[in-house]
Amino acid sequence: MSSFAHRHLLGIEHLTRDDILTLLDEAEGWAAFNRRARKQDQRLAGLTQFNIFFENSTRTLFSFEVAGKRLGAIVANFHAAGSSVQKGETLIDTALTLDAMRPDVMVIRHSETGAAAEVAAAVGCAVVNAGDGTGEHPTQALLDALTMRRRKGRIEGLKVAICGDIRHSRVAGSNMRLLPKLGAELRIVAPPALLPDDSRGLPAFTDLDEGIDGVDVVMMLRIQRERMEASVSGPLDDFHARYGLTRDRLRRAAPDAIVMHPGPMNRGVEIASDVADDRDRSAILEQVEMGVAVRMAVLDVLTRDRRD
Amino acid sequence: MSSFAHRHLLGIEHLTRDDILTLLDEAEGWAAFNRRARKQDQRLAGLTQFNIFFENSTRTLFSFEVAGKRLGAIVANFHAAGSSVQKGETLIDTALTLDAMRPDVMVIRHSETGAAAEVAAAVGCAVVNAGDGTGEHPTQALLDALTMRRRKGRIEGLKVAICGDIRHSRVAGSNMRLLPKLGAELRIVAPPALLPDDSRGLPAFTDLDEGIDGVDVVMMLRIQRERMEASVSGPLDDFHARYGLTRDRLRRAAPDAIVMHPGPMNRGVEIASDVADDRDRSAILEQVEMGVAVRMAVLDVLTRDRRD
Amino acid sequence: MSSFAHRHLLGIEHLTRDDILTLLDEAEGWAAFNRRARKQDQRLAGLTQFNIFFENSTRTLFSFEVAGKRLGAIVANFHAAGSSVQKGETLIDTALTLDAMRPDVMVIRHSETGAAAEVAAAVGCAVVNAGDGTGEHPTQALLDALTMRRRKGRIEGLKVAICGDIRHSRVAGSNMRLLPKLGAELRIVAPPALLPDDSRGLPAFTDLDEGIDGVDVVMMLRIQRERMEASVSGPLDDFHARYGLTRDRLRRAAPDAIVMHPGPMNRGVEIASDVADDRDRSAILEQVEMGVAVRMAVLDVLTRDRRD
């Protein structure tokens, strides 16, 4: 059924177009499943999923927890804050210790780029990267792609602009890898200070109006307050004036363009409230919904060979 | 079977006498269930319950978690501290985000009065108010009523005194709505500064001895240290001397009067230790036990139409 | 099947040799179970396990959580930090409150010696001591014994040295009770300031080289930074020089001696990295693995009479 041959999901970098399509197709099935009255599958019954979060991210953790439980897995959350990690234990010692409890899959969030890959090299179970430093956040890019495909019917040929703090964003990092593999026409938009060193050959804009001109998808990123101040020379309001997505500005995009945001939103900063709340244009809540579906697909696919 | 037609449980305010009796009767069944060796029902199998606590309340959270799990639900706890809420997300954005994960019921605790109702108006699932600001805490009033009915055989005609910080207490708020609907003769007792602006037509006392004279139920409220100091002019011990329930003082109540407290108790402040520990008089632990039963009834009743 | 007649597991102190062997034999079965693809038993289905941790210990909590869930129990974690405990509630009031929710077993970690026994005397459910002050940590000693028996084939006659901060360690406390009951030849090694007042008649050494001479098992304890400084007169590095287990020093032990550590390790302090990582000698990860197995055995055995 599945052509997905990877043991871990560490980043979009390692996936082929077929791998990605397999995950999106599987996730589509889980999206339908999650709209049923009873949402309980048992294919992961007796398998153990550890969510190991070294950074706070309640919403991503929650999404993985719900995904695992709906598949019947035993799910346990390891909150690294206040744990042995704070007693000076190394990442690998923590990972090996938890691996000795014989989980089948570990979901890892860490502030250092490469942390999930480092863990994957050391442990015996499947590892899912739930965000590593400024590296990748592959399930976010997958849920973004699934949302686009559902809203626009395709990804091939779609004009997509990712706007905001591209430089520090692992969401952008994974999307910049995924979307070109599926044939989207991607461009990035940011203040000069927040453009990445390597724009991976993508068209880069520093003017938001130009950057979103004619696009089908405007993907706004969350901006950190401290980076906002550094990214424009002037008072805070300047950021919204120059890089905030308003209804007016959205008219530059295609007439049926959709708006995306990985959340949580700073209303009035990177996105105006009326844009966020426009049910026709905003796909933000569908992104969250697809997040659970994508994570169910990933957990299912990565544990298949352990269940036989 | 049930005549309970509400989609949410936001407060006692909205319930009829029949609604309340339905919930108490159902809870009575769960109280018996919880004394079995195996306490596992599956009627909520495949349904998802989110406990979303913006205020710390480990014990109430725990009670709802146990209730949901004993009914077979998938239960996930969202700890708002350290979450996107702290990143400036609005209550409604958080609620809509979590709702997009397709839960069947949300249990909400929040420091602002009206928060649960605001969420209920926005989301697609059932909402249970687990305490909002100085508003309501309906499951607490229900468990209090169930405890009284079990201990005294009836609520109709029962003389009940609620004593302590009535002004700031949502426990008092919900009880002051519930008990009159079931025909109890309710009165409130507090230092003048802790009486409510609106005593809902109930007899109000500032003297504890007078207030509990001849009552069948003495319900003490938890007092906050900072409010205690403001409520009497004098040193801290004065509070206990004037508003603490002692064995001596309890003689003013009916000979078989019971003592209740929503917990956690300040022993030696609002309640003397020998009163708290008097197994014949104190119904405090039975309140906790009925809390799980009441929450099971509420979760069951609110999700019935989703399970068909 | 089992000759284990205790209602609680409060310490090794109360166990006979037969009790201990029963638990080890049962745990051996669970160790095999945990290596299966599907690790889901249902014997605790409908039973409720509360993990009540007044001290942070993410790894021990996690091990008990996984153990309970693999047995099919309803597991709920009560994090006492930020709970009513911080509102001034007494330990016994907290325990009685939670007991009123009708759990079948409570797992308790507390900073005060005797806390678990105090709770056990008050509640109606089974109590497992998961570490109390400088008292006992019986599941740790059981998992240590199981690891030794698996690695060395026996415990009778085994030469074991426990090294480090014996004085403040409940791990040492439980091992010093357990190992002699199974016929091991136990000795303790520590800086003079970290030897216990009562060495229970065991040979005590203040020189590590002498202490581990010819032993089959070197069990290093975790050292607290602040105690390390107090325990040697001189700079911090002195501790490692005098009491750290290095490859060189390990040559004093038997040629096939194994190394143990309850974790988390301070690499370069009480144990050198190359010793910790030596797969032939180090049994540290097997200890973690046996931890889950031992806790499954304990939870199973203590709840047997409740399941009939």
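Backbone N, Cα and C atoms are what each Cβ position is placed from, and that goes for glycine too.
TrEMBL entries are annotated by machine, without manual review.
Feature annotation from TrEMBL assigns carbamoyl phosphate binding site to C:R59, C:T60, C:R109, C:H137, C:Q140, C:G263, C:P264. Other C-beta atoms found within 10 angstroms of the C-beta of C:P264 (carbamoyl phosphate binding site) number 20, with every protein chain shown included.
Long-range Cβ contacts of C:R170 (L-aspartate binding site) within its own chain (separation 6+, distance under 8 Å): C:G131, C:D132, C:G133, C:T134, C:G135, C:E136, C:H137, C:Q140. In the three-state DSSP assignment, the secondary structure recorded for C:R170 (L-aspartate binding site) is helix. For C:K87, C:R170, C:R222, the entry in TrEMBL reads L-aspartate binding site.
According to TrEMBL, the domain 'Aspartate/ornithine carbamoyltransferase carbamoyl-P binding' annotation covers C:7-149.
Look at TrEMBL and you will find C:156-301 tagged as domain 'Aspartate/ornithine carbamoyltransferase Asp/Orn-binding'. Mapped onto DSSP helix, strand and coil, the domain 'Aspartate/ornithine carbamoyltransferase Asp/Orn-binding' (C:156-301) counts 59 helix, 23 strand, 64 coil.
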Distance in Å spanning the most remote Cα pair of C:R59, C:T60, C:R109, C:H137, C:Q140, C:G263, C:P264, given for carbamoyl phosphate: 17
CB-centroid shell, 8 A cutoff, carbamoyl phosphate site C:R59, C:T60, C:R109, C:H137, C:Q140, C:G263, C:P264, site residues removed: C:S57, C:S63, C:A130, C:G131, C:V171, C:P262, C:G291
The one of C:R59, C:R109, C:H137, C:R222 whose CB sees the fewest other CB atoms within 10 Å, among these binding-site residues: C:R222
Candidates C:T60, C:Q140, C:G263: member of the binding-site residues with the richest Cβ shell (10 Å): C:Q140
Binding-site residues near C:R222 (L-aspartate binding site), in sequence order, restricted to C:R59, C:G263, C:P264 and a 10 Å Cα cut-off: C:G263, C:P264
Average pLDDT across the domain 'Aspartate/ornithine carbamoyltransferase Asp/Orn-binding' (C:156-301), rounded to a whole number: 94
Within the domain 'Aspartate/ornithine carbamoyltransferase carbamoyl-P binding' (C:7-149), residues counted as helix, strand or coil by DSSP: 66 helix, 26 strand, 51 coil
